[in-house]
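Notes follow the structure.
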Amino acid sequence: MHNELMPVACQILEFKQETQTEFTIKVATGDLKVEHGQFCQLSIPKIGECPISVSDYGDGWMDFTIRAVGKVTDEVFKLEAGDQLFIRGAYGKGWPVDQFKGKNVVIIAGGTGVAPVKSMINKFANEEGFAQSVNIIAGFKDENGILFKDTLKVWEEKFNTIYTLDRDEKEGFRTGLVTKFIEEIPFKDFGDNYEVVIVGPPIMMHFAGLECVKQGIPEEKIWVSFERKMSCAIGKCGHCRIDETYVCLEGPVFNYTQAKKLID
Amino acid sequence: MGYKLSFETVNSLFNELRKEYKIYAPKRFPKAGRYSDTDIIRYAEIKNVEEIVFDEKSDYPAKEVVSPITQTLFYFTEDEYREAKVHDKKVLIFARPCDINAQMNQDKIFLENGFEDTFYKRMRDKVNYVMMECTSSEDTCFCCSMGTNKTDNYGLAARFEEGQVLFNVKDDKFAPFFEGKEEAEYTVKFIEENETKVTIPVIPNKDVLNKLKEHDMWKEFNKRCVSCGSCTIACSTCTCFTTTDISYNENGSVGERRRTAASCQVAGFDEMAGGHDFRKTTADRYRYKTLHKIHDYNERFGQGHMCVGCGRCTERCPEFISFTATIEKVNKAVKEICGGECNA
Amino acid sequence: MNHDIDVKATRINCFRQSKVAGEFMLQLRVPGSIIDAKHLTSVQHIAETWGDGTFHIGMRHTLNIPGIKYENIPAVNEYINNYIKEVEVVECDVEMETCGKGYPTIGARNIMACIGNSHCIKANVNTHELAKKIEKEVFPSHYHIKTTVAGCPNDCAKAHFNDFGVIGIAKMEYDRDRCIGCGACVEACSHHATRVLSLVNGKIEKDTCCCVGCGECVLACPTSAWTRNEKKFYRIMIGGRTGKQYPRMGKMFANWVTEDVVLAIFRNWPKFSAWALDYKPVYLHGGHLIDRAGYIKFKELILEGVELNPEAQIAERIYWQEDEKRANINVKPIAKHNSAGPGSQDGRH
């Protein structure tokens, strides 16, 4: 009998330090299936499990971009290429990529929130013409918090990008919260052929959502990715439930019409 | 078919049954109560009928047999996780209608919601119920209000009388065990009315739900509820758990992954790595539990409310918070929000 | 006024001298600090018939009726005969004669108790039942002893300030499998008790040696992972006292002893007192007798023939810590040193 809670051993192919506390591991994940915006449960025996969103993937591998802020992530931080960890997944409902086809896609991402949209943006980069246009507002706290520096450069060349630092100055970056730059997106030019993706810390998503609605963006065009305490990831343990919704099953990606009503 | 068995005969029946089944029933643990010289009644494996407490409600629910408070899921070494084994006997549980209905509600979460839970299923598949007829209802019971006073989900029914037990054999597989036993008229009865009655409020939409969440009615629980989680552990339908790894020795990489019942009432239940939590106050947490029991679960699965009205939450609350009184307060609040129009 | 009264004799009879010449205050014993409420009508009757119409709740939980004239004492004694019979003989099974002459002695003072586990959520034992059993062991005796029974280490009954203070404690049992790792017991122990619990990887670890046996962990536990062992245990504090000269807090003499051991120790108390005072009872309370005999001698005599339960712990030595109201109260000429044992009360040392 298949046991969904059984994690499989996977080897780390690459370990890349992103910032002081954030790093990306590339893991050989065999035939585990994944879609853009989904997450996996990473395990280290005797430490435990934690949910990590898939920041990129390809044939037989996945990237996980992790901030060392907990028991498990601290331990993963100590690993290096060649080491082994355990994975099950991928889980949850990811981005409605097909719905984005041919559209002007606006992505507003804050901090580690860039991770869950990275693979999707890379898809847009690799499949020219999939999206009508890609517009990215990516914000980080300060210079030390900038993730995926090389990837940001690639995106900068291909897409309309606004990179910003909350409270720091750096060439190529503007200063201020992401919400400040939403009005710079040329929504008027998009007609109604666009979709908006918001992902980041809960407070950032809250205010970015409100700002978008204020800009007159219909709620059904806004998509967010929720962070909650996904623990079992299979709809059992209850930690991520909000009302009748299990974030691990129906999320982490929600349409804003639904998300705005999910009050913990 | 009905049978009348003296306690002595029941014990020899148990001896036969125990070759195939582990028998679980509510059992008294003397002086193990919260306060000194008080008892606890909870489910445990039994050998004799005399061990069964049939005339009092157990403090803890029957769910513990199927999903114990702590359960080992996997044993691990450096290289692999290995599924923990389970005993190969079948399981017979003496349970009241509310507890049996509660298990049906748990089935929805463990078997239907998202994925199937292997550990739950393999135990659940073993379970047969002996429905313990309620001959009287306690003042915290409100099963009739929840529609959980009846069930036909059992193999045997039992009515306890002075020194004897009436059995009704519903599932034929138990018939051979009763061959040659004294037959008797026995029609199974259910409780038809409780002293405590509640009406579950109809919450017509998300707007009302979200207004209800912000209603002042919850504030009193910031003062009264202590967030201990007693109600959720005593609840016959709560399923939440937390998974933990432990190693057998400090440096070794051999150990086990187990899950332990968790309570949404205890602070930290929704806390993410890094420290952000969503329901910060006692009232937030109490509201979260209450609405799950009388709204959210039904909203998801649509076949009745999660709460089965066993009343154990009220019994076990050290602060005398009555769940039925809370439901009445929700009723009042919903009426206020809807202007008296939406509540049937 | 011309009175000719033996006040010592009336005191032994439990009538205490008033500042008003010829008046006395009756002290009715209430062993275990609990009696049937019906007795209150007797108290009212005495107060209104022979007393000044008031009654006072005694500092050792006696029911005190002031303003009784000396000449009415025989009538009062006749009247309280029934009370003594019911409370002492029937309730406590005390072996004494009830002949209408009132209390035979004031020696062993009223045995106090907090309400205990017949009511209190914190208590580990039934305090009044134990108090009544102790009453049977020590009353009536002319040797002075102040005893109290507390239901838990919170010690509302002030076991720390009596000659003998008995405290009900419990041995806790921990069922790992029932524990959900909520940490409520850790918080309760750290807030109310001795901080012996910690949460390690979702389960509890305990520093057993410093557990005071209060039961706060059991009270806090939402799952019955913590329970009290069915067996009742007690701690005995000795030598506590108030007083003008050298009040002090008692020290732990015995820990984790059973009720049988507690009662056996009390059974030895009159014997120890008699030895310490050379068989001549004087108005001197238990703690002072322990001081005179020295802890080692006290221990030897009080444990004579006592069969200790396996869990029992007995103090090897005690370091007293008096609060000396008069400087250097223990420093005095050898000739003035008090001593104990044979001949000690005849002025020899």
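Quick reminder: no glycine exception, Cβ is built from N, Cα and C everywhere.
Feature annotation from TrEMBL assigns domain 'FAD-binding FR-type' to A:5-97. DSSP assignment over the domain 'FAD-binding FR-type' (A:5-97) gives 8 helix, 50 strand, 35 coil.
Sequence-distant contacts of A:CYS248 ([2Fe-2S] cluster binding site), defined as residues of its own chain at least six apart whose C-beta falls under 8 angstroms from its C-beta, comprise A:PRO51, A:TYR91, A:GLY92, A:ARG228, A:MET230, A:CYS232, A:ALA233, A:ILE234, A:GLY235, A:CYS240. For A:CYS232, A:CYS237, A:CYS240, A:CYS248, the entry in TrEMBL reads [2Fe-2S] cluster binding site.
Around A:CYS232 ([2Fe-2S] cluster binding site), taking its Cβ as the centre, 27 other Cβ atoms fall within 10 Å, counting all chains. Taking each of the binding-site residues A:CYS237, A:CYS240 in turn and counting other Cβ atoms within 10 Å of its Cβ gives the largest count for A:CYS240. Other than A:CYS232, A:CYS237, A:CYS240, A:CYS248, the residues of this chain whose Cβ falls within 8 Å of the Cβ centroid of the [2Fe-2S] cluster site are, in sequence order, A:LYS229, A:MET230, A:SER231, A:ALA233, A:ILE234, A:GLY235, A:LYS236, A:GLY238, A:HIS239, A:ARG241, A:TYR246, A:VAL247. Per-residue confidence over the domain 'FAD-binding FR-type' (A:5-97) averages out at a pLDDT of 94.
DSSP gives A:CYS240 ([2Fe-2S] cluster binding site) a coil state; it is part of no helix or strand.
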